[in-house]
Amino acid sequence: MGHEGGTEWVRLIVGLVIILAFSQLNALFLVWLERKVAGRIQLRPGPMEVGPHGLLQTIMDGIKLVGKELITPRSVDRKLFILAPVLVFMPVLVGFLVLPFGPGLILRDMNVGILLIFSFSTFTVLAILAGGWASNNKYALLGAIRSVGQNVAYEIPLLLTVMSVVLMVNSMRFSEIVAAQGRVWFIFLQPVAGLLYLICATAETNRAPFDIPEAESELVAGFHTEYTGMRFGLFFLAEYTNMFIVTAVATSLFFGGWHGPFGFDFGLPGVVWFLIKTYVLIFVIMWVRWTFPRIRFDQLMNFSWKFLIPVSLVNLVVTAVVLKLIDLN
């Protein structure tokens, strides 16, 4: 019993180290990818100077960021100001614990995996609010308040769309949800829920056209206006890591997880299929960011409360009724 417990602890520690390393490398790659996507959309090549096709540009920028001075303004709440970037980044990492990268490639296959991810995502918003308030800056505080309002508005339809999938599988365990999509992905059975999830996930990650909390033309840099160096870098790491998490969840819920299309894997390992789908969804979010203009805050709120929430609620009710009729037959 003791030997098994020790092995489990070693497995957990190794998994946490891998998660931490992957999250850093993944964020570096996504920054480079976004620069390239933005460049292509704007008819330019993007960064090309450092490394082949600019691959090392992000690494050099990271080294430069680490060397930047950590400035703490006199008027801030010092302890909360320093703690906020860490509090933003840490809850995002929890999502990696329950993500099903492949058959058996789940660090913790919990029966409340979905609930865990969305519960901890709330802490990120609280950390953003703490950082905005502690900065003692009107732009930072206004950006943080906008972030809270946006999160509340879009968390509701996001959870309603997820519940539509949970009803179909009768489980919150990611492995069971992915296993149920061995032949047909849920995006074909729940197209409305899948589309709503992607819209809400884009808003949850504060990406354009929903980047109201960081609107440069209005709020300088939003809630991280006063941050410099790696404190500023942690906010960016959290943003890109969170973008990976929400798209990985979309892959698990709607796009078959580690399964290939219609049950055919074409000889590729499950983890490869999982990453391909996740990065394709990330590309779509980046494409939307660099294609559509930012909407106003009142438009953002109206879109959620008057359209997304009613539609997602109707979709959930229809799903429940259809499943009940199937059971009766």
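Just so you know, glycine gets a Cβ as well, placed from its N, Cα and C.
Feature annotation from Swiss-Prot assigns transmembrane segment to 12-32 (among others). Within its own chain, the transmembrane segment (12-32) has Cβ neighbours under 8 Å at 47, 54-55, 57-59, 61-62, 92-93, 96-97, 107, 236-237, 240-241, 243-244, 282, counting only residues six or more beyond its boundaries.
Within the same chain, residues 15, 19-20, 22-23, 72, 107-110, 113, 116-117, 120-121, 123-124, 126-128, 130-131, 134-135, 174-175, 178, 224, 226-227, 230-232, 234-235, 237-238, 241-242, 245, 248-249, 252, 257-258, 270-271, 274-275 sit at least 6 positions outside the transmembrane segment (81-101) and bring their C-beta atoms closer than 8 Å to a C-beta of that stretch. Residues or ranges marked as transmembrane segment by Swiss-Prot: 81-101 (among others).
Swiss-Prot lists 112-132 (among others) with the feature transmembrane segment.
Per Swiss-Prot, the feature transmembrane segment maps to 152-172 (among others).
The transmembrane segment feature in Swiss-Prot is assigned to 184-204 (among others).
What Swiss-Prot lists as transmembrane segment is 244-264 (among others). Tertiary neighbourhood of the transmembrane segment (244-264): same-chain residues 23, 26, 30, 92, 95-96, 99-103, 105, 114, 117, 162, 165, 174, 177-178, 181-187, 190, 193-194, 197-198, 201, 204-205, 270-271, 273-274, 277-279, 281-282, 285, selected by CB-CB distance under 8 Å and a gap of 6+ residues from either end.
Here Swiss-Prot flags 268-288 (among others) as transmembrane segment.
Annotated transmembrane segment per Swiss-Prot: 303-323 (among others), in sequence order. Sequence-distant neighbours of the transmembrane segment (303-323) (same chain, 6+ residues past either end, Cβ-Cβ under 8 Å): 153-154, 156-157, 160-161, 163-164, 167-168, 190, 192-193, 196, 199-200, 203, 295.
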Close approaches to the transmembrane segment (268-288) from elsewhere in its chain (Cβ under 8 angstroms; 6 or more beyond its ends):
30, 33-34, 37-38, 41, 100-103, 105, 198, 201-202, 205, 207-209, 243-244, 247-248, 250-251, 255-260
Residues sitting near the transmembrane segment (184-204): Cβ under 8 Å, six or more positions beyond its termini, same chain?
121, 150-151, 153-155, 157-158, 161-162, 164-165, 168, 177, 210, 242, 246-247, 249-250, 253-256, 259, 261-262, 281, 284-285, 288, 300, 304, 308, 311-312, 315, 319
